[in-house]
Amino acid sequence: MEYLNTSSEEGFILVGFSDWPHLEPTLFAFISIFYSLTLFGNTVIIILSRLDLRLHTLMYYFLCHLSFLDLCYTASTVPQLLVNLSGLDRTISFGRCVAQLCIVLSLGGTECVLLVTMAIDRYAAVCRPLHYTTIMHPVLCRALVVFSWVGGLVNSLIQTSLVMAMPLCGHQLNHFFCELPVLLKMACEDTGGTEVNLFVARVIILVCPLLLILGSYAHIARAVLNIRSVAGRRKAFGTCASHLIVVAMFYGSAISTYLQPVHRYSEKEGKFLALFYTVITPMLNPLIYTLRNKDVKGALWKVLGRGTDSR
């Protein structure tokens, strides 16, 4: 416990990208731009979904929660990254590290479950259109969203408590935020038992939702292939394509980071991968969901006072 007490008093030094000092100014500029676009894009989606009646549907209700989740996720990591890249402060207290780890894991777990809910919504819309309003009842949907947030929080509390109960060696954290695999590599003792428990928790929050999503889209694919008209197939696929892209980006980066053995985790590669899911993905999500969406573009033009439809 000596190491843990020392860490509790002095906190950690976030190494960040100090190993590549020539990259830091460039990263600072690009990340600042991407962060601004993330804030703007996700805020616009939330505002439009509230103002335009055409967007008062379950799909945009879920999308609003996803946008809010992305705003919280970037706010929990990117501002600190920008301070780190500027060289002003590379430290983080033990308490802030615990809070950050808990928040990041909670938001990540929430997104896992929320993406399942969105997949179920697409399944009902494509495979059971006549029973859509019965299956996706508003009360059920609100309950699913609440379950997403609560499930993510509970899973996060379990993983955070397991990690922070271990004695940690040293004060240099080779990352730009308190990332789970990096903290595990700082443990002063054998983490075999803890890793098993953490792996079980990650399988529950990552693999199980992914299997449900893949199962939903297997049924969707079969239903789409049974549609005779080409126009009908395109319309059905168009309602799911955006969600599939987001699922692929999110789960691809999450599995690469959290479902590999700790001894195989590379901090250098992990930092650049983390840039993708903390900076790039939250910025791309609004674009993916709105670029080909006539309803959102129509709502935007309406708010801007340039029209009332999507033409």
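Cβ atoms are placed via backbone N, Cα and C, with glycine included.
No curator has checked TrEMBL annotations; they are predicted automatically.
Positions annotated as domain 'G-protein coupled receptors family 1 profile' by TrEMBL: 41-289. If you look up TrEMBL, you'll see 27-48, 60-78, 98-118, 139-158, 199-220, 241-260, 272-291 marked as transmembrane segment.
Counting Cβ pairs closer than 8 Å and at least 6 residues apart in sequence, the transmembrane segment (272-291) and the transmembrane segment (60-78) reach three or more and so form a contact. Here the transmembrane segment (241-260) has long-range neighbours at 66, 108, 111-112, 115, 118-119, 122, 179-181, 199, 202-203, 206-207, 210, 213, 217, 270, 273-274, 276-277, 281, 284-285, 288-289, 292-293, meaning same-chain residues at least 6 beyond its ends whose C-beta is under 8 angstroms from one of its own. Panel annotation: around the transmembrane segment (98-118), residues 59, 62-63, 65-66, 69, 72-73, 76-77, 80, 92, 141, 144-145, 147-149, 151-153, 155-157, 159-160, 163-164, 177-180, 183, 205-206, 209-210, 212-213, 216, 243, 246-247, 250, 254 of the same chain, lying at least six beyond its termini, place a Cβ under 8 Å from a Cβ of the stretch.
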